[in-house]
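S.K.: Following this message is one structure expressed as structure tokens.
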Amino acid sequence: MAGKARVHELAKELGVTSKELLATLKEQGEFVKSASSTVEAPVARRLRESFPSAKSADSAARPAAKPGAPAPSTPATAAKPGGPRPGPKPAAPAPAPVAPAAAAPAATPEAQAPAPAAPAARAVTPAAPATNAPKPGRPTPAAPAPAAPAPAAPAAPAAPAASAPAAPSTGAKPGGPRPGPKPPRVGNNPYSSAPAERPAPRPAPGAPRPGAPRPAPGQGGPRPAPGQGGPRPAPGQGGPRPAPGQGGPRPAPGQGGPRPSPGSMPPRPNPGAMPARSARPAPGGRPGRPGGAPGGRPGGGGGGYRGGGAPGAGAGAPGGGAPAGGFRGRPGGGGRPGQRGAAAGAFGRPGGAPRRGRKSKRQKRQEYDSMQAPAVGGVRLPRGNGETIRLARGASLSDFAEKIDANPAALVQALFNLGEMVTATQSVNDETLELLGGEMNYVVQVVSPEDEDRELLDSFDLTYGEDEGGEEDLESRPPVVTVMGHVDHGKTRLLDTIRKANVREGEAGGITQHIGAYQVLTELDGNERLVTFIDTPGHEAFTAMRARGAKATDLAILVVAADDGVMPQTVEAINHAQAADVPIVVAVNKIDKEGANPDKIRQQLTEYGLVAEEYGGDTMFVDISAKLGTNIDALLEAVLLTADAALDLRANPDMDAQGVAIEAHLDRGRGPVATVLIQRGTLRVGDSIVAGDAYGRVRRMVDEHGDDVLEALPSRPVQVVGFTSVPGAGDNLLVVDEDRIARQIADRRNARKRNALAAKSRKRISLEDLDSALKETSQLNLILKGDNSGTVEALEEALHGIEIDDEVQLRVIDRGVGGVTETNVNLAAASNAIIIGFNVRAEGKATELANREGVDIRYYSVIYQAIDEVEKALKGMLKPIYEEVELGKAEIRAMFRSSKVGNIAGCLVTSGTIRRNAKARLLRDNTVVAETVTISSLKREKEDVVEVREGYECGLTVTYSDIKVGDVIEAYELREKPRD
């Protein structure tokens, strides 16, 4: 093969499959990717040497005669046309074709090899006149036969399309001798009518090559019987072809096409000398023509090359068609223009119209789903069948698209068509995700923070909230009691009395602004018992703190002032305790004050499900006076009795510690400090811990008295030092094996928290609000700094709850625990923000830097003062609202004209006051003629005046020339309207 050969071509040539050839190449160390890859000439030569058996089998398997053809015999004196004869080598001199390697010469006519046959089912019945006798001793070339001979076409007494050459004395005529047979083409031969197993070797360069694109005799297609083909039948000896007139308009033998004799090789007619051919098959080109007229070849092959042949026309005659199965043909003829060829692998499926591939069920299902998919604004979206999609808080459209295998750009465009402007990577709030999911028939389920944290811990093979071990590992622990109630009802005074201390005076404004945790030793039935108390603030801004206190507790003491009754924060505390399924003991405080009515408190609390025992309920009420210390022991006894009766206070102290951060703040000398309540396990110095998005290692633990603690058992509140950052109030504390795990958990929590905060704080902009959103809006940027994280959280929630017009936006760009630093000042200067310090002061040179940069720092110690001032600042940023106030009216009584000032109106002030430079409108017959005019000058007598009151005459000029007698000038001014 010339040049580089492809693997599949070599496989066909060698008679093996491409897979076998690829395996052989791999064994030889040659890297070939696929059957379409090319190989170098040395590699191809080695492959041919590796398959000698295929070549020998090729020659040995060639049949001597196809089924249905008689065996060759010695030539008779009178050969019948169409009779089977062996094809001897013609006696006329002709260029000797080079025989293939598999061909063997025959010494005698009886031992000659069969004539070459095409590898398909072409019918060939060679015949020769009696005068053409084979010459013995002349070798006859034999072409390789196909590996499996195809069955012969229906036998018809017709001469072959190209018979063997005749004797040299016959001369050149249509039935004259033809050049020696050539080997068939390769398997993907477009002129063949049947597939071949493997290609045959090419003829030697000395063999004649046809000049026209028509297939050579013996090559174009299969013949019914092999043989070297005798001479064509003489004129008048054509087979019983049912053509009218035995050949009809066929030319005479001497006038046939310029078919050359063997002596004038290569005498193939050039295309210019050939008769014109039609793209349509001629009448003779229909399949199955049984025979040919005298001097003609068998019926024109169906769909011959560029058209069929005329009835009875020979191969070289005008209109002669190619053998059956040519280009565009089907096996047996009858091809139509545009149809595929019959060669296997050459032009697709053998014969017939182009075949469309069948679609699989999956493709059909995808097409059906695509047709049924919802379209929002022309955008095709996936169709959900009510499936539930779980998304984290603050998820983006890219996260949503990844869950449903969709294009994020399509979701962005769909939301745009729904009136929402969101980018693909922007954190989206829950409502928008649910809206988009509903359009696609998906149920979007936003994962709660608790589920998010549980899934995160599961990924690290950690659990929270369960005791390890069996019942024998559990030990009793002290109860955790939370003191709750309305502000100024005496919660902190009660704890002071219990602790024999004074904490209340240290609170700014006399109100508790953070949670305190203490452990108190008390006696019950002569036994000393430990009780852990948690004090929660009662101000309305500290709702989250009260909720955390209720979740971390075993039992709640509800403090209600006997002289004040049930207040809003009292009801809220009841709801928090009932939501946490926590038993409640009611302490009716301030019974020593005048007007105290404990029975009224019992009646009011009955409405909220707290029925006293004396009324037949199960809630214990204790009347106390925290100021005088009345019935404090009875209250503690009631707490312990309720805890023992309703609760199973046991925990496993031998497991890794788990707890909750009650409070956290940034200490100047110790760094981040967290007040932690241990719920199960034992916390020791040196443990790796993670609480929320903060992590670290326990460096020191301190109790409520300031003493160092080496280990903290369940229900023990301690202050933990060693966090890298300040944890959030209410965050769960967990002990892990390594600092690396703690850092990874904290980083993931921080990322989720940041996404959720971005989705919550970002204001949704719809297309209807786009115009107003593009206008310049006022925005108040704040930086919050506090003494502990719970206070900062409460302050931020309260500030976000301020109801203000959409013209002004409040944005907290940074928050933190500790004093105001220079970094905070630089950020405030860059973003034009105000710094609010709550119970903290500026550190170092932060104050000097703030004065130099012009940054406003506000300090507060009571939370509601900060809220009020921020609300006033927001209202001050609103654009002023003006209202129109009427000043007075003046009627024009006379007109004067002046060359300097124009028209002068002589007026009488009928009501109010007319002022100079005031805005006015001109009325004529109670109709507004000019809406906005200005009183440019005002005179009384001949003196300029500022205003003229009712009942006086005046002269004035206005910035409007078309004034008449009888017009009324109505003066007014615009005054700023205060905001509500």
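From the backbone N, Cα and C atoms, a Cβ is placed for every residue, glycine too.
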S.K.: For which of the residue intervals 385-389, 510-514, 680-684 does Swiss-Prot record region 'G2'?
M.R.: 510-514
S.K.: Select from 485-492, 597-604, 973-980 the stretch of residues annotated by Swiss-Prot as region 'G1'.
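M.R.: It is 485-492 that Swiss-Prot describes as region 'G1'.
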S.K.: When Swiss-Prot marks a stretch as region 'G4', which of 405-408, 589-592, 913-916 is it?
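M.R.: Feature region 'G4' in Swiss-Prot: residues 589-592.
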S.K.: To what whole number does the mean pLDDT across the region 'G2' (510-514) round?
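M.R.: Taking every residue of the region 'G2' (510-514) together, the mean pLDDT is 44.
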S.K.: With DSSP as the reference, give the number of residues of the region 'G1' (485-492) in helix, strand and coil.
M.R.: 2 helix, 1 strand, 5 coil
S.K.: Relative to the Cβ position of ASP488 (GTP binding site), how many further Cβ atoms are located within 10 Å?
M.R.: 17
S.K.: Measuring CB to CB from ILE591 (GTP binding site), give everything in the same chain under 8 Å that is also at least six residues away in sequence.
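M.R.: Counting only residues 6 or more apart in sequence, the Cβ neighbours of ILE591 (GTP binding site) under 8 Å are ALA562, PRO598, ASP623, ILE624, SER625, THR630.
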S.K.: Mind tallying the region 'G4' (589-592) by DSSP state, helix then strand then coil?
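M.R.: The counts are 0 helix, 1 strand, 3 coil.
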